[in-house]
Amino acid sequence: MVLVIGRLDVVGDAVFFATHSAELVRVTNATDSLLRRNYEDSKVWIRCLTGMEREGTEVWGEEMVGFLKIGRMFRGFFVKTIGFVGYTIQYGCIAHCAFEYIGEFVSCSGPSMEPTITNHDVVFSERVSRNLCRIQKGDIVIAKSPFDPKMNICKRVIGLEGDKVCNSGPSDVFKTHTYVPRGHVWLEGDNLRNSTDSRSYGPVPYALIRGRVCLKLWPPQSFGVLAESPNDGRIL
Amino acid sequence: MAQTGFGRRYFKAFVSGFFVAVPVTVTVLDRLAYVARVEGASMQPSLNPAGETSPDVVLLNRWSVRNYQVQRGDIVSVLSPKDPRQKIIKRVIGIEGDFIKTLGYKNRYVRVPDGHLWIEGDHHGHSFDSNTFGPVSRGLVHGRASHIIWPPSRWQRIEPSVPPERRPLLNRDGATEDGYDD
């Protein structure tokens with residue numbers, strides 16, 4: 001009996017071995033050969049009940065164990081890394097699609113939307129309305145700031161394109177009105193005294209809107225849908 | 001039996017492949033690169049010199065504008081301030097702080113506000129650009145046109161260049177643009 005340890009590739013009826021000198025040796029006379037694979041040890045061995053010959057010489061392969069064990073482990077590690085990277089890319093892309101097209105969680109800071117949204121509140125803003133152009137008057141939206149695209153602002157929509165909005169301050173005697181241009185919206189914070197919004201920087205292009213705030217998630221005592229505008233008369 | 005088994009396996013492979021391919025493709029188009037056909041004559045002769053008979057197709061690099069950084073002379077695609085579903089492709093003439101002489105805008109001279117850009121089409125007079133609607137916010141930038149990829153005879157890299165007569169009068173550092181060489 002010959003105990004041969006080596007890499008096993010079964011091709012149809014033929015059984016090939018890779019020896020330490022990287023030659024392929026074919027089992028001949030393997031009428032009683034028994035194949036057994038032991039994957040836990042990363043080791044494959046075949047016990048031939050008859051001899052194994054290559055052009056008349058017998059091949060012994062016990063020294064191959066160390067070298068081939070490392071080769072198989074390295075190959076396994078490489079394959080696992082590729083698999084891990086593939087899964088990361090796939091789940092990262094699914095996460096990107098979810099945040100871009102469904103909704104995202106936003107943590108608001110600042111006093112400009114009190115009492116509806118206070119400092120350090122967490123809200124959920126959905127992207128579907130914005131992508132379908134269905135933002136309406138009275139919605140609270142998250143938008144990119146017109147002066148710094150990396151900052152976001154959270155305000156309420158007071159007027160859509162074509163609407164008449166009041167752009168004079170509360171201290172003015174005569175109220176002045178403007179019309180919101182095409183493709184723009186007029187945003188105002190609920191805390192009129194402490195909010196820089198369209199009253200100072202003018203109408204904001206619709207395409208800067210990121211999403212509509214639909215649900216408040218934190219703090220738990222004010223969980224739920226957000227309230228209507230506390231400022232009557234701003235929405236004409 | 002074998003036929004139903006094969007159909008089910010095929011269906012499962014199709015569905016699992018679909019759930020991999022669609023998010024990856026969407027993410028690549030949103031974050032890395034986008035291909036778009038140029039319509040209209042507002043960027044002639046740089047883009048679409050043949051007009052509607054043979055429109056150019058450009059490659060828009062979305063990765064380079066992930067921080068909304070553009071420089072003067074870049075051809076960029078922006079979301080139109082007048083119609084949020086439309087994208088327009090124009091050249092950046094001025095960035096924030098530049099002092100620009102306008103062509104047909106309501107003010108003769110404009111200082112580009114912070115966080116805004118001044119964009120113009122190369123074909124003056126046939127272009128719906130900042131001379132009509134004023135400075136555009138940097139948050140509207142969608143991608144930077146880096147290459148023309150169709151038709152094959154017009155395969156080229158697009159280099160940023162500002163036409164000499166449209167350079168800003170004062171750039172944001174206060175320096176004048178005389179003696180500026182390409």
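Every residue, even glycine, has its Cβ placed from backbone N, Cα and C.
What you see is a predicted model, and the numbers here were worked out from it, not measured in a lab.
Feature annotation from TrEMBL assigns domain 'Peptidase S26' to A:89-167 (among others). Mapped onto DSSP classes, the domain 'Peptidase S26' (A:89-167) shows 17 helix, 28 strand, 34 coil.
Around the Cβ of A:Ser112 (active site), a 10 Å sphere holds 21 further Cβ atoms from the protein chains shown. Taken from TrEMBL, the feature active site covers A:Ser112 (among others).
All protein chains included, A:Lys155 (active site) registers 25 other Cβ atoms within 10 Å of its own Cβ. Positions annotated as active site by TrEMBL: A:Lys155 (among others).
Under the heading domain 'Peptidase S26', TrEMBL lists A:174-218 (among others). Remote same-chain partners of the domain 'Peptidase S26' (A:174-218), defined as residues 6 or more beyond its termini with a Cβ less than 8 Å from a stretch Cβ, comprise 103-106, 111-117, 120-127, 129-130, 133, 135, 139-144, 146-147, 152-168, 224-226, 229-231, 234.
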Check your understanding: Cα-Cα separation of A:Lys155 (active site) and A:Ser112 (active site), in Å?
Key -> 8
Exercise for review: Over the domain 'Peptidase S26' (A:89-167), work out the mean pLDDT and round it to an integer.
Suggested key: 91
